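Structure record follows, encoded as structure tokens.
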Amino acid sequence: MEAASFTSPSSTTTSFSSHSSTSQSLRFLRYKPNAKPLNYKSSRSFSLRASATGADDSVVTLLDYGAGNVRSLRNAIKHLGFDIKDVQTPEDILKAKRLIFPGVGAFAPAMDVLNKKGMAEALCAYIEQDRPFLGICLGLQLLFESSEENGPVKGLGLIPGVVGRFDSSKGMRVPHIGWNALEIAKDTQILDDIGNSHVYFVHSYRAMPSDENREWISSTCKYGDDFIASIQRGNVHAVQFHPEKSGDVGLSVLRRFLNPKSGRTQKLVQGNASKLAKRVIACLDVRTNDKGDLVVTKGDQYDVRENTKENEVRNLGKPVDLAGQYYKDGADEVSFLNITAFRDFPLGDLPMLQVLRYASENVFVPLTVGGGIRDFKDANGRYYSSLEVASEYFRSGADKISIGSDAVYAAEEYLKSGVKTGKSSLEEISRVYGNQAVVVSIDPRRVYVKDPKAVEFRTVKVRNPGPNGEEYAWYQCTVSGGREGRPIGAYELAKAVEELGAGEILLNCIDCDGQGKGFDIDLIKLISDAVSIPVIASSGAGAVEHFTEVFRETNASAALAAGIFHRKEVPIQAVKEHLSKEGIEVRM
């Protein structure tokens, strides 16, 4: 593709591939050996009126093309004292003094939007001028020549290399989700405060180092093989991890990009990061109580009411306040489970959407929300797709959405027909936002059997025999908050939803819920051995030792707890300190 030319007010032509003071160091004007030109379709020439010089130093231009959660990034930018100008036209890109591109979702839809809106060409021109740029996650991947994600799909072609999928055949769980360590390849100011700290990744595809792109690489990360974690050349930066979800360390990355002259404003805790850490997740079951207030509650085998004469809903605090406290306490993620879910009208669930909006203002770790994400019709007969419902949650601050009952029904249909329709909520949402954004919540009950051949579902030999001495059990999946059993086992469901596009499994156990006697190791081992996506262990934690047990004896990637954190029986930091002492890597 030839260098783009744009018309200035004086009708002179400015070629962005030619003379600038940095041209010698920026020979990256498009790497495309033997490649055909990208078909950028610009409907008009761009004007360079009101260029970046003289612009307000407190303004950040944000290229939000409308996919996924960028609310947390907006909040992080505002938290650091900067204002945001949104890109509306290609000219807005060219006028930016500093530009952040938080790519969220899948590669092909993102490139499609950029091309159709004429922004791809403007973005290339901006970067080729060596102007301050920060790409995040997909915002890094799009700089490369192409991606294999639903492809091949052509990228912007600024950096040599093809973005490929992690190889799960090597035993790595894909997506790569969680807090991992960086290996710094060269000095770059925005990474100065990271040191030996973990940063948060969530992706299934990555770019690999090569001789052709090595001079771009500022850091790598090991997950199976070493992949590119960040790039830097001149004023152009991009990171595969999410700084807006990496706590204080991530905020320092943003601060140093937005204000290169800033020093360290606080002393960051130096960790001992060397590999992917096990995650400790705080879960908040949220519902309206009998007074109509939105509260955090906790069930005992899914019963959330007190065993008193009044039989009131347990009230353990306000969701936004608790989420903020758990962030300060060191939770690696915060998960909201909306157990009311406004079942007749999920998009009318304004209180829950507000919880996400307010929580994301001060919680800079990943937020997951579940409950009520499905197709539905409102009272007027208007149809809303699950994709529309999920989109509203994403735009309100969720990084991942959790699907429960709807995933069970989709799996049952898939196992019956053997055909992926592409129409289930699971398939639609993962196709648009990427499977890393979709969690499937599995809620099974243990069913004891004497003979494993007596049932069609996968059984496991249990550690503790059943009430009649049964040595085996299968795990029956439920829907509607555990109220209805379905003819499908947890093993069969997990395998099916992985094929349908789930990126992670939240594995509950009704039998263990609220008991405080430990996780169901038999169940978690069964499922975490069966799938290649990350599994979150849930239900039953009552002591720090239970977390050590689940990580040592199963392949769980994370462990979640609720009641023990709400009641302050076991602090999050105590869990992490215990795990660290036991040699299990965690983010400190």
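Every residue, even glycine, has its Cβ placed from backbone N, Cα and C.
Lifted from TrEMBL, the feature list:
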type: DOMAIN; residues: 62-256; note: domain 'Glutamine amidotransferase'
type: BINDING; residues: CYS137; note: L-glutamine binding site
type: ACT_SITE; residues: CYS137; note: active site, for GATase activity
type: ACT_SITE; residues: HIS242; note: active site, for GATase activity
type: ACT_SITE; residues: GLU244; note: active site, for GATase activity
type: ACT_SITE; residues: ASP285; note: active site
type: BINDING; residues: GLY372, ASN508; note: substrate binding site
type: ACT_SITE; residues: ASP443; note: active site
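Positions of TrEMBL features highlighted on the structure.
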| residue | record | Cβ neighbours (10 Å) |
| --- | --- | --- |
| CYS137 | L-glutamine binding site | 25 |
| HIS242 | active site, for GATase activity | 26 |
| GLU244 | active site, for GATase activity | 29 |
| ASP285 | active site | 24 |
| GLY372 | substrate binding site | 26 |
| ASP443 | active site | 28 |
| ASN508 | substrate binding site | 27 |
Candidate nearest ASN508 (substrate binding site) in space, where candidates are the active-site residues HIS242, ASP285, ASP443 and distance is Cα-Cα: ASP443
Subset of recorded positions (CYS137, GLY372, ASP443) lying within 10 A of GLU244 (active site, for GATase activity), CA to CA, in sequence order: none
Cα-nearest neighbour of ASP285 (active site) within the listed recorded positions, CYS137, HIS242, ASP443: ASP443
HIS242, GLY372, ASP443 screened against the residue listed as 'L-glutamine binding site', Cα within 10 Å - retained recorded positions: HIS242
GLY372 (substrate binding site) and HIS242 (active site, for GATase activity), Cα-Cα, nearest whole angstrom: 27
Local confidence of the domain 'Glutamine amidotransferase' (62-256) - pLDDT mean: 95
